[in-house]
Structures are given as structure tokens and as C-alpha cells.
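Student: Pasting a structure here, questions to come.
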Amino acid sequence: MKVLGIETSCDETGVAIFDTAAGLLGHCVHTQIALHAAYGGVVPELASRDHIRRLPLLVKQTLDAAGCELSQLDAIAYTAGPGLAGALLVGASFAESLGLALAVPVLPIHHLEGHLLSPLLAADPPAFPFVALLVSGGHTQLMRVTGVGEYALLGESVDDAAGEAFDKTAKLLGLGYPGGPQLAALAERGQTGRFRLPRPMLRSGDLDFSFSGLKTAVLNVVSAPTWRAEDVADLAADFQAAVVEVLCAKALRALEQTGLARLVVAGGVGANRHLRERLDASTRRKGCRVYYPEPELCTDNGAMIAFAGALRAAAGQRGGETPAVRVFPRWPLAELHSPVQP
């Protein structure tokens with residue numbers, strides 16, 4: 001079964017083809033970083049217009065890379081949410097139109113399910129059940145995963161997501177867009193221990209997160225009369241260390257509370273080198289194992305959507321009887337259901 005995946009939830013246009021017999025045949029991603037850099041963040045209208053321009057060409061490029069014809073597609077999967085409403089509608093309308101023309105099923109896919117399942121694309125994938133740590137610009141969640149569509153929320157951020165905290169703190173430090181990766185790169189040049197920053201909710205006893213107070217602590221540092229601009233790399237390093245410590249502590253607590261020994265880390269922040277090293281060392285000491293997607297699949301991409309669509313189609317999920325453009329800008333992952341069995 002060959003499934004075309006389309007991702008347009010925010011500022012990346014991603015297209016991929018996954019074959020249940022041969023694996024990932026090809027995928028292409030266009031990032032809009034240059035488009036939004038002048039504004040210091042994503043402009044939804046510009047994002048939607050760029051998806052419209054890029055999507056047809058990316059589909060052709062992906063088909064060429066996969067050595068595949070449109071007529072060989074068995075299903076189409078698209079990101080239906082959560083995300084920017086206009087951006088989601090671009091992908092949804094394209095997918096439904098193409099599905100109607102080809103007379104193939106069209107499957108709406110949850111964006112976070114795509115991230116969560118992306119480590120299963122690796123050569124040595126984790127088996128169910130496992131704990132998943134989803135860390136991105138919009139979400140920080142811990143889930144107990146027992147199968148495709150079987151997700152139980154263990155904890156989540158009560159305010160800013162980890163990636164959002166990285167981006168907002170980068171702005172406070174005067175870094176460019178996208179701020180999170182630039183802050184992480186700056187932290188590589190800094191020394192930890194110079195600034196005493198809080199670890200919010202580290203000892204709360206539950207599995208929830210909070211990062212807004214950490215961001216405020218950084219603001220207080222840079223607003224103080226004693227602040228020196230030459231210390232910015234050290235402050236970035238201490239900020240990153242605080243976020244990583246909280247993420248690791250909560251992930252380990254989730255493993256202990258569930259009795260599971262497998263941890264999956266997904267989302268853009270999951271590519272952070274410091275986070276990976278800390279999680280690798282911590283889980284090894286506990287006799288557990290951590291799994292990650294390939295670095296290129298940590299950020300938004302069509303491969304994870306095609307893969308999730310293929311898993312759901314193989315389990316019996318079908319598209320609607322009639323074409324319907326369905327998007328859900330707000331869509332809790334815990335509300336997602338298992339694929340309908342045939």
C-alpha cells in the first residue's frame with residue numbers, strides 16, 4: 001500500500017510517500033523560515049499562501065524521487081490538526097481534491113500522532129507499549145501509548161510549551177528567528193552554573209510542566225543593571241540546562257509510574273543534543289531505553305503523516321463516503337480514537 005502524506009500545519013510544507021512493503025520511498029520539505037524571519041515569527045496568512053504555492057511542486061518532486069505515479073497511490077493522508085486553520089485548510093483541500101480525482105481514501109491525521117509514531121520509522125523501532133515525551137513549539141506532553149490511536153495523557157505543560165519557552169527566551173536574548181535553534185547553538189558556547197535559574201514543578205510530584213516562570217527569570221536577569229551582554233552564552237546554557245533537567249526528571253518519573261521501560265521522544269525539541277545526551281544517560285542507569293526519530297524527522301514533515309496514515313489504513317480506517325474538508329485547529333491527542341477495524 002502506497003500512501004501520500006501531506007503536512008501543512010504551520011510553516012513547513014511536507015510531502016512524502018510511504019509504502020507498507022518497501023518503507024519510505026521519498027519525502028520533501030520546504031521551510032518558510034526566510035519568509036517569516038523579517039517578522040520575528042510565523043505570519044499565518046503568509047504561511048497559507050506559501051503552502052498553496054509550494055504544495056503542487058513538492059508533490060511532483062516527491063513522486064519523482066519515489067519513482068511513483070499518481071495512479072499508483074492507494075491512499076492520501078493529511079494533517080487535519082492541530083495547527084493554523086488557514087494552513088491546515090490548504091493541505092486538507094488539496095488532499096481531498098486529489099483523493100476524489102484518484103478515487104482513493106483520504107485520511108485526516110493528528111499532527112502529534114505523526115510525531116509520536118515517527119520513531120517507529122527507524123530501523124530498530126520501539127514496541128508497544130511505551131511512554132512518549134512530545135516536545136515541540138506548541139506542545140509538551142507525556143503520553144502512555146499502548147497502540148495506534150491508544151493514547152493516555154499522563155501530564156502536560158500548564159502554560160508555555162518547552163519549544164515556545166526556547167523561542168520566547170531567544171527573543172529576550174536578542175536572537176533572530178527561529179529563536180529556539182539559535183538559543184541551543186548559543187548554549188553550546190556557554191558554561192553552566194553562572195546563573196541560578198528555577199526548575200519549575202521539578203518536585204511537584206505529578207507529571208505536568210511549567211516553563212513561563214523560567215522565561216520570567218531570564219527576563220529578570222537581562223533587565224538587571226548588573227547584566228552584561230558578553231554573558232549571553234552562559235545564560236543560554238543555564239536556561240537550556242534548566243529545561244532539560246525538568247524534561248528528563250518528568251520523563252523518568254513517567255517510566256517509574258507506568259512500569260514501562262521504553263521512552264519515545266518526538267517533536268522539534270527532541271533533536272536537541274543536550275536533551276538526548278541527558279536522557280540517554282539517565283535511562284541507561286534505570287535499565288530503560290529511549291528512542292528518537294531520525295533528526296530530519298524531528299521537525300514537521302510529510303513522512304510522519306504518510307506513515308501514520310499507512311498504519312491507520314492497514315488497521316482498517318477508511319476515508320469518508322463523500323469528500324469533506326475537515327480540519328481541527330485545536331485537537332487534544334487524548335481525544336483521538338483507535339483505527340476502525342474492518
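From the backbone N, Cα and C atoms, a Cβ is placed for every residue, glycine too.
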Student: Swiss-Prot has Leu134, Val135, Ser136, Gly137, Gly138, Asp167, Asn272 down as binding substrate; which of Gly149, Gly155, Gly180, Gly259 does it also list for that site?
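Tutor: The candidate from Gly149, Gly155, Gly180, Gly259 that Swiss-Prot ties to substrate along with Leu134, Val135, Ser136, Gly137, Gly138, Asp167, Asn272 is Gly180.
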Student: Please classify the secondary structure at His115 (Fe cation binding site) using three-state DSSP.
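Tutor: In the DSSP reduction, His115 (Fe cation binding site) maps to helix.
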Student: Same chain only, sequence gap of 6 or more: which residues have a CB within under 8 Å of the CB of Gly180 (substrate binding site)?
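Tutor: For Gly180 (substrate binding site), the qualifying residues are Gly137, Gly163, Phe166, Asp167, Ala170, Gly268, Val269.
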Student: Would you mind listing, in sequence order, the residues at least six apart from His115 (Fe cation binding site) in the same chain with a Cβ closer than 8 Å to its Cβ?
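Tutor: Result: Leu134, Ser136, Ala266, Gly267, Pro293, Met304.
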Student: For His111 (Fe cation binding site), which residues of its chain lie six or more apart in sequence with Cβ-Cβ distance below 8 Å?
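Tutor: Spatial neighbours, sequence-distant, of His111 (Fe cation binding site): Glu7, Ser9, Thr79, Gly81, Pro82, Gly83, Asp300, Ile305.
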Student: In which DSSP state, out of helix, strand and coil, do we find Val135 (substrate binding site)?
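Tutor: Reduced to three states, the DSSP call for Val135 (substrate binding site) is strand.
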